[in-house]
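Accompanying notes for the structure given below.
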Amino acid sequence: MKNLWKKLIDKYGYPKVFITILLAILLLIAVFQKQSIYGLLKDSLVRIGMNSVLVLAMVPSIVSGTGLNFALSIGIICGLLAGCITIEMNMVGLKGFLIAVLISIPFSVVAGYLYSILLNRVKGDEMTVGTYMGFSVVSLMCIGWLLLPFKNPEMVWAIGGKGLRTTITLANKYDKVLDRLIKLPNIDLPIGTLLFFALCSLLMWLFLRSKTGIAMMAAGSNPRFAQASGINVDLQRTIGTILSMVLGGIGILVYAQSYGFYQLYIGPLMMPFAAISAILIGGATAKKASISNVIAGVVLFQALLTISLPVINRMMPEGNLSEVVRIIVSNGVILYALTKVGGND
Amino acid sequence: MKKYSSQKAAINFIKNNTVPILFFIICLGGVIASKLSIPYILNEIVNRLDRNLFLVLSLIIPVVAGMGLNFALVIGAMAGQIGLITIKVLNIGGITGLFLAALISIPFALLFGYGTGKILNRTKGKEMITSLILGFFAMGLYQLVFLLFVGTIIPIKNPEIVLPGGVGLKNAIDLTIIQYALDDLLSINVMGIKIPIFSLFIIGLLCLFTKFILKTKIGQDFRALGQDMHVAEVAGIDVDRTRLMAITISTLLAAWGQIIFLQNIGTLQTYSSHEQVGMFAVAAILVGGATVTRATIGNAILGTILFHTLFIVSPNAGKNLFGDPQIGEFFRSFVAYGVIALSLVLHAMQKNFDANANVESME
């Protein structure tokens, strides 16, 4: 028994094992509480699809050696900006969503490129610098959202007619356009979003096996060796950062179509942390990540959050315990990963 | 010749104090644009110095010990709040209550500081991101304790502070019983500006204490660590223990700092008063010209004045310049985050530059 436990920990790492056990306990309680298991699983799937691409965005950043992308909010802002532009142009349906994705890419590429120039000068401190760069850009964009010349009355404040609203509804635009892309009779599952995620994952998987992808992984896992064998490490880190930002931009659009709203201003502030916790729960570290980490992580983390809400609220109607669980789990996992990275020496 | 050297001195002065000078200019612009009266601004500055300086000063020792900016100040602030909640439960007010709160916070602060130090010793070189995340994590635990354990495990019944359901503390706790207990102990009025002499005296004591401790044996150890951890280790300094001391002192000071802060404010936002403590204190000391590796009492005082001047004037300045007070508010939070990001970048670039220079000299 003790051996089995040790084997489990060695193979999957503490976060994954603990979260799985926690999830199993919650599911068991849910059964006893006679909650609708189908409903819980369906809600979990919705949230898994919603967050999946954002979590995937961590992969290129980790494998290229820049660590966990704490500045993913920059990519997220690029996506939100693209989304607002499509609403300004009154684009609806799948076409609107896809155009938003297309518009977001050049923004993310430029932002990612600029950010990577910075990252290549602060090697070893990417995470600390990234966190505060992300925070700074989010708060700078708060001024941006107020001043940008958007005119569509559905987006700007009704009073004064200037400045975007804090939340912009996507109803009648492309609310759930991916979620409901493929409809099966009697089953209301977000198949479209999950397929979209599968497509992104497949592309990422293929990319990591391409010549560039392999060079990028080499640059990330052993920069000195890679440099010696003729790989331009800085270029690979740049590519990784750009890809991460692009996926961040697409990720928020996927998130928003499922959620039904764009959340501007300080909405993106803490979003990178959720994505980071998810991929860490999936077994990634600050230096190693794979598509399977993404899938396992987003499933475990989002299922935990979704299921804990009704289960805990039934047990403890007072207070906001499920939110507390979220804060503790998500930051605890990041903290654990940081102690594993170890010092510089 | 003399003219030349004084010119050089001036250039050096500007070079060494770029950040404070830049902020001085921004603040000056803000003061003019805000159209607020000077006595009002001065009054507010004194008030905010009294509130925040103690917290900002508590950052100095970890910086000297080479642990960077202690974002885990939040955790110390929580210890202080535990002290305040206790005296509220016991209903002891006035200066007695305040000192009791400070006393009660000591064991918690020492314990929290020790824990923080243990974790930071496992993440050497990544102290700043770790202390930031640790702060977030601790906020979760804090919520767990005061939202769930109060009324169930911890027997607090007082309906004035407990939620109607009997479990969990209310969002806001009225601290009128100790409001201005310290400030009003001895305060004078100079031309309409209220100066809380006693609070400033306590802050002065802390300055002296910081100066004093840096001159003792342990202070020299801190500095040796800040210079080079490996050299210090070779020289026979117990690195882990010294770092533990530095962070514990900082945490304890943060606890007391938060108590001073809240006695001035008069209301405890149970779940959010501590949230921004670390960030604002760090931003303030950086504005004063501190860096990740160097911080002085002067930096703390100057930084607090400049940073909080910006706080006072930015909503009005935003309204007058752009017709929207919100822009001023967003601007000041951008400034807080931005100045932290900037100094982290400069620090990391310097470190990289030094490392490259080392590699090249070895080759």
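For all residues, glycine too, the Cβ spot is worked out from N, Cα and C.
Note that this is a predicted model, so its numbers are computed, not measured.
Per TrEMBL, the features are:
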- A:12-32: transmembrane segment (TRANSMEM)
- A:44-63: transmembrane segment (TRANSMEM)
- A:70-91: transmembrane segment (TRANSMEM)
- A:97-117: transmembrane segment (TRANSMEM)
- A:129-148: transmembrane segment (TRANSMEM)
- A:189-208: transmembrane segment (TRANSMEM)
- A:238-256: transmembrane segment (TRANSMEM)
- A:262-282: transmembrane segment (TRANSMEM)
- A:294-312: transmembrane segment (TRANSMEM)
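Here the listed stretches are A:12-32, A:97-117, A:129-148, and the one with the most C-beta pairs under 8 angstroms to the transmembrane segment (A:238-256) is A:97-117.
Highest Cβ pair count under 8 Å relative to the transmembrane segment (A:189-208), across stretches A:12-32, A:44-63, A:262-282, A:294-312: A:44-63. Counting only same-chain residues 6+ beyond the ends of the transmembrane segment (A:294-312), those with a CB under 8 A from a CB of the stretch are 16, 19-20, 22-23, 26-27, 29-30, 33, 35, 40, 43-44, 47-48, 50-52, 55-56, 58-59, 201, 274, 277-284, 321-322, 325-326, 329-330. The stretches the transmembrane segment (A:44-63) and the transmembrane segment (A:129-148) are not in mutual contact, being linked by fewer than three Cβ pairs under 8 Å (pairs 6 or more apart in sequence). Across the candidate stretches A:12-32, A:70-91, A:97-117, A:129-148, the maximum count of CB pairs under 8 A to the transmembrane segment (A:262-282) is reached by A:70-91.
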